Amino acid sequence: MWAFSELPMPLLINLIVSLLGFVATVTLIPAFRGHFIAARLCGQDLNKTSRQQIPESQGVISGAVFLIILFCFIPFPFLNCFVKEQCKAFPHHEFVALIGALLAICCMIFLGFADDVLNLRWRHKLLLPTAASLPLLMVYFTNFGNTTIVVPKPFRPILGLHLDLGILYYVYMGLLAVFCTNAINILAGINGLEAGQSLVISASIIVFNLVELEGDCRDDHVFSLYFMIPFFFTTLGLLYHNWYPSRVFVGDTFCYFAGMTFAVVGILGHFSKTMLLFFMPQVFNFLYSLPQLLHIIPCPRHRIPRLNIKTGKLEMSYSKFKTKSLSFLGTFILKVAESLQLVTVHQSETEDGEFTECNNMTLINLLLKVLGPIHERNLTLLLLLLQILGSAITFSIRYQLVRLFYDV
């Protein structure tokens, strides 16, 4: 097994600077509180009885600290090349990958902050990560360009051992970036959840990278650690202020920043399949939410749980709509989901006609349906435990079940 002392010197420097980044994030967020409120980048917590103004878009602070850390860190992986005797050839491909990754993340932070300020529509939320992922795809094209995949064992009699996907591989990577940036944004709405799930995912990736340092792809995992270590500590600083009762909101800025950072290391670190497995709860939440996201079933602006003032606990939130406004497909999906105990449906009739009411289709509301009303802090902890369980399952698949599909 590797020892701490055997870690590359740039990684140790990265760790030290990241610890300073944690302190900076914890310090800067309250220091800028007044500036955000003065700029009207603030809002009220809908699940609290207090109507205190809370600063929003604080992900821009953790994102800025993250970028400063990595901008200052850029020379350290290439220190040997500052000494001519030790530098055989400058690793231009590594430098391009580092700069391209930072460009993609920087673009996503900027576009995420624009979303927080301008309150963009959902169709724009799909275009933003697509645009920000272009530098990432160009880096992959110029540095690697490999679009061949190893076919899983069950499909080899049909497709062979290797399959060249060509341009479809770039489409897959672009869709991965779009999914990662929006998946965290969809599973959100209660104190500490966005930053908490990102913290668990980043910790899981760090563990995975450290385990793989002895493997054949050591350089790829070292590259991933350059990003994941500072991301973990800056997110930890943000979570300190975002934990229940939240003193700040992370905003769409953080969700986009986190998602693009994960997409960057997954694509350029060549472990995108493992990355998707770490997103297991987010994938389930996305699939469960799809009927509302596609507006097959009416989707309100906010799908967060609602607070029962008497009990102080969160309960399911509902979407109410006229029954006749639901399409045949929507009616079919609702009936199937109800028969599978995935949604609660109520019918009512008023002077205006017949109405249907169903719980909003998110993982948060599904847990409340199964377990009943829960205190907000406990609900966040439960969701983070599910995220940890998802990571444990991912490691089991990656190091045990993978033998059923690939030669390892």
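Heads up, the Cβ atoms here are built off N, Cα and C, so glycines get one too.
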Annotated N-linked glycosylation site residue, as Swiss-Prot has it, among ASN146, ASN378: ASN146
Record-annotated dolichyl phosphate site (Swiss-Prot): member among LYS125, LYS153 besides VAL178, PHE179, CYS180, THR181, ASN182, ALA183, ILE184, ASN185, ILE186: LYS125
Identical membrane-side domain name, GLU214 and PHE328, from Swiss-Prot: no
Those binding-site residues listed as GLN44, ASN185, ASN191, and which of them has the most Cβ atoms within 10 Å of its own Cβ: ASN191
Leading stretch by Cβ pairs under 8 Å, where the reference is the transmembrane segment (193-213) and the options are 59-78, 92-118, 251-269, 272-293, 376-400: 376-400
Euclidean distance between Cα atoms of PHE179 (dolichyl phosphate binding site) and ARG303 (UDP-N-acetyl-alpha-D-glucosamine binding site), Å: 19
CB contacts for ARG303 (UDP-N-acetyl-alpha-D-glucosamine binding site) [other CB atoms within 10 A, all chains]: 21
Rounded Cα-Cα span from ASN185 (tunicamycin A1 binding site) to LEU46 (UDP-N-acetyl-alpha-D-glucosamine binding site), Å: 17
For UDP-N-acetyl-alpha-D-glucosamine: widest Cα to Cα gap among GLN44, ASP45, LEU46, GLU56, ASN191, ARG301, HIS302, ARG303 in Å: 18
Long-range Cβ environment of LYS125 (dolichyl phosphate binding site), under 8 Å and at least 6 residues apart: ASP115, ASN182, ASN185, ASP252
